[in-house]
Structures are given as structure tokens and as C-alpha cells.
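The next block holds one structure in the form of C-alpha cells; read it before the comments.
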Amino acid sequence: MNPTILKLGGSVITEKDRAETLDGAALDAAADAVAEAMEGGDVSELVLVHGGGSFGHHHASEAGVTTTDGSGDAADAIAIHGAMKTLNQFVLSRLHERGVPALPVHPLSAGARDADGDLDLPMNQAATMLNEGFVPVLHGDVIATAGEGVTVLSGDEIVTTAAEHLSADRVGLCSTVPGVLDGNDEVIPEITAFEDAADALGGSDADADVTGGMAAKVRQLLDLGAPASVFGPESIGAFLAGEQPGTTIRGR
Ligand SMILES: Nc1ncnc2c1ncn2[C@@H]1O[C@H](COP(=O)(O)OP(=O)(O)OP(=O)(O)O)[C@@H](O)[C@H]1O
Ligand SMILES: C=C(C)CCOP(=O)(O)O
């Protein structure tokens, strides 16, 4: 059985424009959907990833750290990583309250980037957790980067890396929007090339997003071997039940 990977967007589970503010109701609803899907047998092997929202992005933008521009200051690294661990703890608690056997995986302690920016993020701990019946929960983070100190690692990049290493057969990204929208704000059902959506694709609505919003998401998902779905919070249950809500991105 190949795992399903679901990313909970930071813009969903936090109030992205207010520093370190959780959207508790949205996180509860997402945790409900995950717990129901696992209880009902819709999904047996699940990897969760969550983004930064107002926890990671706020501190990263204050420190001027992006996915390519790093910082050699440990205090910057700890501010960003610490905020992400706090958010991760909120996510874990809400899952545990519902009986989901979630375990944290902190990328800062697991991987690194080389001088070309290429990511090495081992997944053997996540694979073993899955085999043992746990739900690994990874998160956007800072990561040691050759020549840069630490840079930001987005949850989207973790999703694509995890999908490849773990041979995921389903990948879902839950954001605040019901899918990738065209110029008339209609959901584009399928994207097979960046040009399909290029005109409408922008970054994130949040000022403090350092990882590139929807345009970066689409680019990364087009590189993935498996089809990926981008959908809104109301469709988490449908995605876990095997449907393809929102936009399906199929690069190859
Ligand atoms: N064509 C588009 N279709 C849909 N959303 C778009 C589009 N162009 C820009 N966006 C913006 O991209 C945002 C989604 O990217 P964002 O990085 O904020 O999401 P996230 O993954 O939920 O959050 P985080 O990066 O904190 O994890 C949407 O909320 C929207 O503001
Ligand atoms: C800003 C940090 C630390 C994480 C970014 O992850 P994302 O929200 O998935 O882009």
C-alpha cells in the first residue's frame, strides 16, 4: 500500500496576517476530517505536512530568510524553527485528541541542502513510522544549506520530496482557495503545463509569504511523478475518500 500525502496549508490552519495566530476552528475541522477518514478506513497510510502560515513566514520575513537567501545567525534559525515547532505541537495535539497516532518529524534535524540548493531529506524515519501504524507529521522549517547558513524549506517542497521517496500514490494540498483559479476566479479542473494557469498565477495574498504562494506550488507539483490535487478545506474528507476535488495537477 502506498501512502497518501496531505499538506495542510499554513494559510488554512493559521491566521496568516497576524503573527503566531492559530485558526483553531479550521485546524479542528481539518483534524476531524483526518480522524474520520482514518477511522472509516478511507486511508490507511497517511503522511501529513503543514505549512508555516503566520508562525514560520512571519519570523522568516523578519529575518530576511527565504528559500535561497539564508542566515548564519543561530538566533534567526531558532526563531523560525521554534515557531514552526510550536505550530507543529498544536497540530499534533488536535490530532491526538481525536485518536490519530501522529508523530512529529522536524526537517531541521533530518536534512540539508547542498550549494546548488538541492535538498537531501531522508524519509526512512517516516517510512518506518508508517509501517508501525503512525502518522508522520512534517512541517515547513529552516534547513542547513551549504554556503548560506540556514534557508527556508517549504512544506510544498517536503511534499514533493516525501512523495518521491515514499512512492506516494496520492498527493493533496489543502489551501484557502477551492483550487487553482483562472482569471475569472473559476477553479481550473486540470493543469498539465505551467502555461495552463500562468496568467492567473500569483504569489500568496499574505504579505509575509516567503515561499512563493500558488505559482511556486504549481511549478513544484508539475515536477512530481504522481497526480496532485489542490483544494480548499471543505474538501479534505473528499480527497481522503479517494476523490480528486479542486484542481488536478499532472506534470508527467
Ligand atoms: N491563480 C490562483 N489560484 C489560487 N490561488 C492563488 C492564485 N494566485 C495566487 N493565489 C494565492 O495563493 C494562495 C495559496 O498559497 P499560500 O502559499 O498562501 O498557501 P498555503 O500553502 O495554504 O500557505 P503556507 O504557504 O503558509 O503553507 C491563495 O490563498 C491565493 O491567495
Ligand atoms: C516559513 C517557513 C519556515 C515554512 C514555509 O512553509 P510553507 O508555508 O509550506 O511555504
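Placement of Cβ uses the backbone N, Cα and C atoms for every residue, glycine included.
Within 10 Å of the C-beta of Gly10 (ATP binding site) we count 29 further C-beta atoms, all protein chains included. Positions annotated as ATP binding site by TrEMBL: Lys7, Leu8, Gly9, Gly10, Ser11, Gly53, Gly213, Lys217.
The Cβ neighbour count for His57 (substrate binding site), using a 10 Å radius over every protein chain in view, is 29. DSSP assigns His57 (substrate binding site) to a helix in the three-state reduction. Among the features that TrEMBL reports, substrate binding site is placed at Gly52, His57, Gly155.
Among the features that TrEMBL reports, domain 'Aspartate/glutamate/uridylate kinase' is placed at 4-223.
Here TrEMBL flags Lys16 as site 'Transition state stabilizer'. The Cβ of Lys16 (site 'Transition state stabilizer') has 26 neighbouring Cβ atoms from other residues within 10 Å, across all protein chains displayed.
Ranked by Cα separation from Lys16 (site 'Transition state stabilizer'), the binding-site residues Lys7, His57, Gly213 are led by His57. Shown in sequence order, Gly10, Gly51, Gly53, Phe55, Gly56, Ala60, Met84, His139, Gly140, Val152, Ser154, Asp209, Val210, Thr211 are the same-chain residues outside Gly52, His57, Gly155 whose Cβ sits within 8 Å of the Cβ centre of the substrate site. Separating the Cα atoms of Gly155 (substrate binding site) and Gly53 (ATP binding site) is a whole-number distance of 10 Å.
Following the DSSP three-state reduction, the secondary structure of Lys217 (ATP binding site) is helix. The Cβ centroid of Lys7, Leu8, Gly9, Gly10, Ser11, Gly53, Gly213, Lys217 marks the ATP site; residues of that chain outside this set whose Cβ lies within 8 Å of it are Val12, His50, Gly51, Gly52, Gly155, Asp156, Leu173, Cys174, Ser175, Thr176, given in sequence order.
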